[in-house]
Amino acid sequence: MPNKTAFACGYAAIVGPPNAGKSTLLNKLLNHKLSIVTPKPQTTRKKITGIYHNDRCQIIFLDTPGIMDPIQKLHESMLKTTRTTLNEADVIIALIPASKRTELFDRTFTNMLFEKWLDETKKPVIMALNKADILNEKERKDALRIIQDHWQPRKALAVSALHGTGIDALVDSLQPFLPLDTPLYPDDILSTAPERFFVSEIIREKVFLQYGQEIPYATEVVIDEFKEQHENNPSKKDVIRSSIIVERDSQKHILIGKKGAALKKLGMAARKDIEELLGRPVFLELFVKVRPDWRKKKSMLKSYGY
Ligand SMILES: Nc1nc2c(ncn2[C@@H]2O[C@H](COP(=O)(O)OP(=O)(O)OP(=O)(O)O)[C@@H](O)[C@H]2O)c(=O)[nH]1
């Protein structure tokens, strides 16, 4: 039996279908806006490390892109990232969203998740039924019983990432599987990813929120320059220059809008959040560039970090 009073530290991967609420869960756990959250599926493309601390444990969370069919090269590399992430983890959280449609959650997906992904890792799996706030008490119990009977995870629990319910129980259920007895990071560090990564995620989030249809999926954001000068000279703002990469001229026109109005709106919304994240004033300059079919080209995907 693990000693509950000892300190524990280790890696936990969060895996689930697109739109399961992984980013919302991570943000709630860390009480800080780390990964981006939008109502559209597949906005999380890169692994994000968030670090949770309490007086009994430190959990380093590995977020994964949603699992889906490898239709495009982009998806293939996302799936590879997910597999690597699962193998790096000490414990895996299978995050399955509750549903009100024909069944309480997607059993076909859950089956596929265990058969194609989780079973072969031989890692302990904690199954978290997210969005449990949309179910009533009986539905929650029924769903958890089905999960326990069919897939036998180490533990199955209902959570609501949005409302923050079940989060402490989730942390408690992870603790026995964390192998280290000392923390790996100081307790004031929430993430090892650099600030410029979060800045690009904010810009990408705003693209997702502001534009419809195919634009967000054809977009990549690259930070070209990140000049920190405010700390040394408080009369100056930090300067961030960023390129928004799209696939076609038509997408560029939409992004920029009439007389640049759409891009200006995007920049204002992004700057507000970036200043909030960094806690200092920022001058943000956005450029829109066309790179035909970047999503289909291996070398381009690589240069954007996929
Ligand atoms: N009702 C309810 N909605 C939730 C809950 N958690 C997340 N959501 C909503 O579900 C949607 C998707 O949440 P995200 O956190 O972006 O999902 P994700 O799994 O990170 O999505 P990807 O970007 O596809 O990886 C958002 O509209 C959230 O507000 C929850 O506990 N209850």
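Note that Cβ sites are derived from N, Cα and C of the backbone, with glycine treated the same way.
According to TrEMBL, the features are:
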DOMAIN    8-180  domain 'Era-type G'
REGION    16-23  region 'G1'
BINDING   16-23, 63-67, 130-133  GTP binding site
REGION    42-46  region 'G2'
REGION    63-66  region 'G3'
REGION    130-133  region 'G4'
Candidate with the highest Cβ count within 10 Å, taken from the binding-site residues Ile67, Ala132: Ala132
In this structure, the one of the binding-site residues Asn19, Thr64 whose CB has the fewest other CB atoms within 10 Å is Asn19
Could you list, ordered by sequence, which of these binding-site residues: Asn19, Lys22, Ile67, have a Cβ under 6 Å from ligand 1? Asn19, Lys22
Taking all protein chains shown into account, the Cβ-based neighbour count within 10 Å for Lys22 (GTP binding site) is 27
Confidence over the region 'G2' (42-46), expressed as mean pLDDT on the 0 to 100 scale, is 46
Let's see if you can do this one: DSSP helix, strand and coil counts over the region 'G4' (130-133), in that order. 2 helix, 1 strand, 1 coil
Can you tell me whether DSSP puts Lys22 (GTP binding site) in helix, strand or coil? helix
